[in-house]
Amino acid sequence: MSWKRPPDEIVGYRITVVPTNECSISAMTDLVFLVDGSWSVGRNNFRYILDFMVALVSAFDIGEEKTRVGVVQYSSDTRTEFNLNQYFRRSDLLDAIKRIPYKGGNTMTGEAIDYLVKNTFTESAGARKGFPKVAIVITDGKAQDEVEIPARELRNIGVEVFSLALPRYILCIYEYIHWCLYCLLGIKAADAKELKLIASQPSLKHVFNVANFDGIVDIQNEIILQVCSGVDEQLGELVSGEEVVEPPSNLVATQISSKSVRITWDPSASQITGYRVQFIPMIAGGKQHVLSVGPQTTALNVKDLSPDTEYQINVYAMRGLTPSEPITIMEKTQQVKVQVECSRGVDVKADVVFLVDGSYSIGIANFVKVRAFLEVLVKSFEISPRKVQISLVQYSRDPHMEFSLNRYNRVEDIIQAINTFPYRGGSTNTGKAMTYVREKVFVTSKGSRPNVPRVMILITDGKSSDAFKEPAIKLRDADVEIFAVGVKDAVRTELEAIASPPAETHVYTVEDFDAFQRISFELTQSVCLRIEQELAAIRKKSYVPAKNMVFSDVTSDSFKVSWSAAGSEVLSYLIKYKVAIGGDEFIVSVPASSTSSVLINLLPETTYAVSVIAEYEDGDGPPLDGEETTLEVKGAPRNLRITDETTDSFIVGWTPAPGNVLRYRLVYRPLTGGERRQVTVSANERSTTLQNLTPDTRYEVSVIAEYQSGPGNALNGYAKTDEVRGIPRNLRVSDVTTSTMKLSWSAAPGKVQQYFITYTPVAGGETKELTVKGDTTSKVLKGLDEATRYALTVSALYASGAGEALSGEGETLE
């Protein structure tokens with residue numbers, strides 16, 4: 001056996017597996033390697049492919065519920081090395097990869113991709129619903145069948161496809177005793193356009209091409225980074241598209257009254273846009289309350305409910321129009337408490353003056369009955385300087401203060417004074433008496449208090465002897481609530497003119513003094529109710545509203561509303577907002593410590609009416625109102641695509657930006673620096689061709705949507721022009737001998753890495769191949785047969801593949 005030394009131009013290749021990046025813990029996927037096992041790969045280089053697979057798999061967290069890995073090898077036919085559901089431990093998986101045997105055969109890539117669709121990414125083979133799917137196609141040569149349709153079908157079932165093109169080396173082994181020498185018989189590159197047809201878009205992130213096996217190490221981490229990134233993006237899309245909206249929890253009703261219920265809940269764990277609150281009455285014909293609140297609201301005081309009514313309370317978490325399951329409780333509002341006695345009221349305060357007619361028409365006997373009636377009324381109140389104060393004024397021709405508001409602090413003392421004050425007699429000057437009450441009784445020196453309800457109860461038996469209308473109006477204008485009780489000959493029209501409206505609850509008439517008992521219940525009830533209403537009105541006046549509304553951070557779907565703090569006793573703020581002209585009202589509740597809120601999920605270019613209401617323990621302050629208009633929708637295009645790359649052009653495509661786009665502006669320049677150029681296209685365009693570019697150059701590309709109000713955010717990406725691949729010229733044969741001839745040629749264009757030379761006897765025989773360095777333009781062919789005519793070819797080899805061959809013939813001498 002003889003052996004030949006390999007050509008000097010050829011060097012050996014070896015891969016070193018270097019430490020790799022790792023994917024995030026959440027990056028879980030079904031990952032399948034489709035590996036070219038054809039003869040052109042070579043047994044030795046196949047081991048390097050296995051090492052690369054080991055490195056990439058090591059970046060993932062392997063497990064049954066984590067990342068699953070399968071391997072399929074193809075050549076003339078396709079076989080499964082192991083499916084996705086076979087190995088769930090990393091150590092077992094890595095051992096299995098290292099044991100994969102080299103197959104050998106032709107390069108039927110299209111058939112192998114179709115095999116993945118029908119046999120590998122299936123439930124029976126371990127593929128899971130709701131998990132990202134990734135295929136990595138590793139090949140070293142052009143397919144011998146059609147790949148575009150199978151690749152499209154693979155991508156259409158949701159598989160993200162990466163393609164890695166390796167150098168093509170055909171190796172033969174010559175052994176002689178202890179020698180083991182490898183000789184290179186041929187080098188060709190995989191077809192770059194074919195790889196782009198196989199892989200997902202954009203091709204810059206999914207297609208990888210190496211000129212030699214050492215180059216795998218250089219791009220190994222880049223491939224891992226892109227695969228991990230693709231898995232994370234798929235996971236994000238799956239979660240946003242399929243995740244169930246989690247309901248809120250721990251719904252509790254507190255502060256239950258006859259007309260309101262305050263509820264609180266714990267927030268949903270999902271990303272939501274708000275909550276929908278329902279109060280459904282469990283009685284036929286009852287009014288249902290439905291409120292929409294923002295995502296940051298977890299407490300709400302629902303008002304205007306029906307008393308003594310059971311409600312089903314539902315709270316839904318909302319993502320857009322999609323609701324969660326509701327969390328539900330049942331709660332019943334309280335009965336309306338009809339108070340006969342104000343002493344049972346909560347914090348009832350009032351200054352009450354009895355204005356009693358002591359004219360001669362009353363008489364001593366009836367005056368005793370008046371005293372008894374006053375005693376009944378007094379016992380309805382809780383007497384103290386901090387609660388209810390009582391004053392008594394008797395009038396006839398002139399008024400006389402029997403005791404002032406601040407004279408007695410105990411009910412016993414007031415009753416004693418009522419039972420002992422004298423009957424004075426005289427005419428009936430009611431007008432003069434009311435003026436006296438306003439000027440001499442409801443004054444600070446006599447115990448009258450600010451911000452406390454004022455009540456006067458007039459008891460008379462006859463027509464007034466003086467003008468009464470003007471004094472009554474002035475007394476009512478001084479915030480005194482007037483009740484009038486007429487006995488026997490009292491004129492009802494006169495009483496109605498004196499009393500506060502409405503007359504039905506403020507004017508009472510009886511036929512004689514013995515009938516006082518009949519009206520005491522109704523009168524007391526009316527007085528107590530008006531005191532409570534007046535107290536609420538006074539309290540409301542004391543509720544300091546929020547001030548100084550300011551809007552900021554306005555976008556197309558949100559804005560921030562801010563305000564100055566209200567009073568120190570504010571419990572929370574309620575923000576109500578709706579489209580200014582029509583539309584549903586939405587509510588956001590924030591704690592008293594907050595003085596701003598961001599309102600989200602708004603419509604673009606829409607004016608909203610906003611009210612901020614300070615909530616206090618017993619009521620709400622007046623609203624602070626304002627309006628703000630959202631901006632037009634401005635955003636970035638999506639899904640940048642680079643296709644149809646040539647040496648001086650490529651097509652840039654994109655998914656439209658949101659909103660009313662006026663035009664798109666494309667800005668591009670070489671990554672290594674250089675002139676920044678730009679073009680504009682109409683708003684309805686989805687792609688454009690960038691021309692007059694530099695060959696074999698990586699470009700930074702930005703697509704910007706332009707709006708009436710200015711540019712949106714840029715969609716950025718990268719593209720690369722093809723390198724120039726051409727044909728050598730002027731093939732010449734010289735220095736011919738019986739066993740040698742010299743080949744010369746003019747250099748091919750572009751960055752030639754090597755020239756590939758073949759020579760074959762025209763009459764038939766073995767084709768021989770060799771390579772020379774890319775800066776060489778001649779080569780002496782040796783070991784030829786004498787007097788033999790040879791067919792000669794010279795091809796330029798580039799990083800992206802081989803150019804066309806230059807052909808010729810030459811003949812050795814005899």
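Using the three backbone atoms N, Cα and C, a Cβ is placed for every residue, glycine included.
Per TrEMBL, domain 'VWFA' is recorded for 30-223, 351-527. What TrEMBL records for 247-336, 545-634, 636-730, 731-814 is domain 'Fibronectin type-III'.
Against the domain 'VWFA' (30-223), the recorded stretches 351-527, 545-634, 636-730, 731-814 differ in Cβ pairs under 8 Å, and the greatest number is found for 731-814.
Within the domain 'Fibronectin type-III' (731-814), the DSSP-based counts of helix, strand and coil residues read 0 helix, 49 strand, 35 coil. Per-residue pLDDT, averaged over the domain 'Fibronectin type-III' (247-336), rounds to 88. Stretch with the largest number of CB pairs closer than 8 A to the domain 'Fibronectin type-III' (545-634), among 247-336, 351-527, 731-814: 247-336. The DSSP breakdown of the domain 'Fibronectin type-III' (247-336) into helical (H, G, I), extended (E, B) and coil residues amounts to 0 helix, 47 strand, 43 coil. Across the domain 'Fibronectin type-III' (636-730), the DSSP tally of helix, strand and coil residues reads 0 helix, 53 strand, 42 coil. Residue counts for the domain 'Fibronectin type-III' (545-634) under DSSP (helix as H, G, I; strand as E, B; rest coil) come to 0 helix, 48 strand, 42 coil.
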